[in-house]
Every structure is written in C-alpha cells, then in structure tokens.
Amino acid sequence: MSGNTFGQIFKVTTYGESHGPGLGGVIDGCPAGIELSEEIIQLELDRRKPGQGIASTARKEADRVKILSGVFEGRTTGTSIGFHIENTDQRSHDYSKIMNVYRPGHADRTFDAKYGFRDYRGGGRSSGRETVSRVAGGAVAQEFLRQQSISCQAYTVRIGGIDGEVKAPEKAHELPFFSADPDVIPSWEERIKEVRSQGDTLGGVVEVCIKGVPAGLGEPVFDKLDARLAYALMSVGAVKGVEIGAGCKAADALGSENNDFMDGDGFCSNNAGGVLGGISSGQDVVVRAYVKPIPSISKPQQTVDRDGNATEIKIGGRHDICAIPRIVPVLKSMAMLTVADFILLQRRMG
C-alpha cells in the first residue's frame, strides 16, 4: 500500500491499524528548535480520543504518545520525529462473525477489489482510528506555526441537520461537540439520543478557520492553497465534501454579491475564504468539511459476502453514533499540516 505520506517538505508518514499493536508516524522536514514534548502532543490527542461524550464509541483508549526520535531537551533537532501510540482496548472477536461479509458504507469491498486481502478487524488501515497519527502530526505543525503567529480554530456548525451559529469559536475547545454555539448543544444532544435509540448514526459539518496566514502562500494552477486544503480534508475517510469561503452558495450568488470589495483598509468581506487564484490573500482562511454518518449501524442491512451471495448484516462492536466531535481535531490537524508545508515551500522558493 502506498499513499501513506502527506506533504512535500513538512511531511508526515503514518502507520498502523485499528486492531494492530499500535499506530504512529514519522515527521520529516520540521525545522530545528521548535519547542516540543509528549505533553504538547498529548493535549491534542486527548481532544480526539474515544470514549468521551454521548456520541462516542465505548472503546476506551488512553492514546498515550511516545516520542521516539527527533526531540532533545524539549526542542526539535531537525531530524525525523518518530512517535508511537499503543492500542490497548481492541476487541477483534467483535468482527469474527462478519469477516467474510461486506459492511455497507465501509471500504471492505474496495479493499478486497484492490488487494485481494484485507484486515477485517474494524477496517484495519481504513478505520477512523488511523487519524490518531494525523493529530499527533498536526500538533507538531501547530508548534511550528505558532512561531509564525499563525493559529487555527476548528468547530462544529451542524449535527444531524441542525445548524448552530458561529458565536464563540475561540471557546469551542471547551464545549461539548466543539460547538461554536452554546445554545444549540441541547438540540444536538437530543438528536443524538433519538438516533442512538433507533440504532442509527449522524453526520454533520465542521468549519476550520486559520488566522494569521500571510498573503502569497500557494502556487497557481495545480498547487493552489485551497486545492491542497480540500485534498487534505478529503483524505479523511468520513469527509464527503469541502467548501472554501462561501463555497456552494457562490453558485447561486450574483458576481456583485460574491466579490469581496476592497477599500483602504483591505477587504470588505471574505466570500473567497482567504484564497484568490489559489494564493492566500492575507485574510482568514475558512474551510468547511461535510462529514457523512458513521456507516457502522446496528440496524439490519442488505449486503453480500465475498462470494457475492446476498445476506443480511447487523453490525455489533463499539462505534460512534456521531464522529463529529472526534473529527474536529483531525480536520484542524490536516489544515495545519497543509499550511506548515506551504510556509516551508515559500521559504525554499525565496
């Protein structure tokens, strides 16, 4: 399997499966002298780890990170940063009864089509658990970007068709669901309880806002900043759509409504989401990701086995009702990895 590395200069390569001994990665290209410790990475991992809140899986993982290389006396050395996270609460026997049956909405059938063999335990490499390594990588990128006065906020704006407002994005990391709207939380909780009682799952929408991005990042045509951000977020398994700025609403707007007018103080609006012609404008870079419902539901579903025989499946095991609260730190991490890479690309080009 290829495709396990993200980035051109600031690179993260990840490894591991949902029910294997552990997961981890190697970060190449991180400059020397960046303050970094296991505690700094752990803070971000704790925001993603399973077993928290009413929407999360019952699987309990401490997700304790161990830095293996590339850090000395609390600072990066400029060499490869290796890290590892153990799996401690996997229950592979939960999948033994469905090992030869394709789960609707999962990558079982496509992995078989490509490789002719697959790890049926929770999806193996295609599991959402793979994203723990991305968050560790994003934590390193965040420390690098902090030196550039660049910060990133990520927050939930919709769950199960119920919209919240962007009222307090700076407090989202303190609130349930990483909500930017405290008032919508009770409605989301009720919706999750309702759907859980039906044996079903929910999706939603996450917004990522990157502040302090200097003008000039991105390359025209095939290496645009917004194109790379969309690629980064779409690489997360549950994401099915990405918008930059006004996004799909721009298709229904007039040019006079969508254009961001300018005056002596700069831009008067930000429908472009901080990117024009694939290059950052100096405004906040705003991206939204549309996340599908978790496909592991306890309702009976029609499917086929590996031999093509029709059958019915009812998925047991431990699964999220809604992945949104745990995917927020993942999307934030992918955005930071992207911007960190572009900062270093810009430096290389002078």
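Note that Cβ sites are derived from N, Cα and C of the backbone, with glycine treated the same way.
A quick note: this is a predicted structure, and the numbers were derived from the prediction, not measured.
The NADP(+) binding site feature in Swiss-Prot is assigned to ARG48. Look at Swiss-Prot and you will find ARG125, SER126, SER127, GLY277, LYS292, PRO293, ILE294, PRO295, SER296, ARG318 tagged as FMN binding site, backed by sequence analysis.
DSSP assigns LYS292 (FMN binding site) to coil in the three-state reduction, outside any helix or strand. Sequence-distant contacts (6 or more apart, same chain, Cβ under 8 Å) of SER127 (FMN binding site) comprise GLU17, SER18.
Following the DSSP three-state reduction, the secondary structure of ARG125 (FMN binding site) is helix. Distance noted between the C-alpha atoms of ARG48 (NADP(+) binding site) and ILE294 (FMN binding site) is 16 Å. Comparing the binding-site residues ARG48, ARG125, LYS292 by how many other C-beta atoms lie within 10 angstroms of each C-beta, the top residue is ARG48. Take the CB of SER296 (FMN binding site) and look out to 10 A: across all protein chains shown you find 21 other CB atoms.
Counting every protein chain shown, the Cβ of ILE294 (FMN binding site) has 22 other Cβ atoms within 10 Å.
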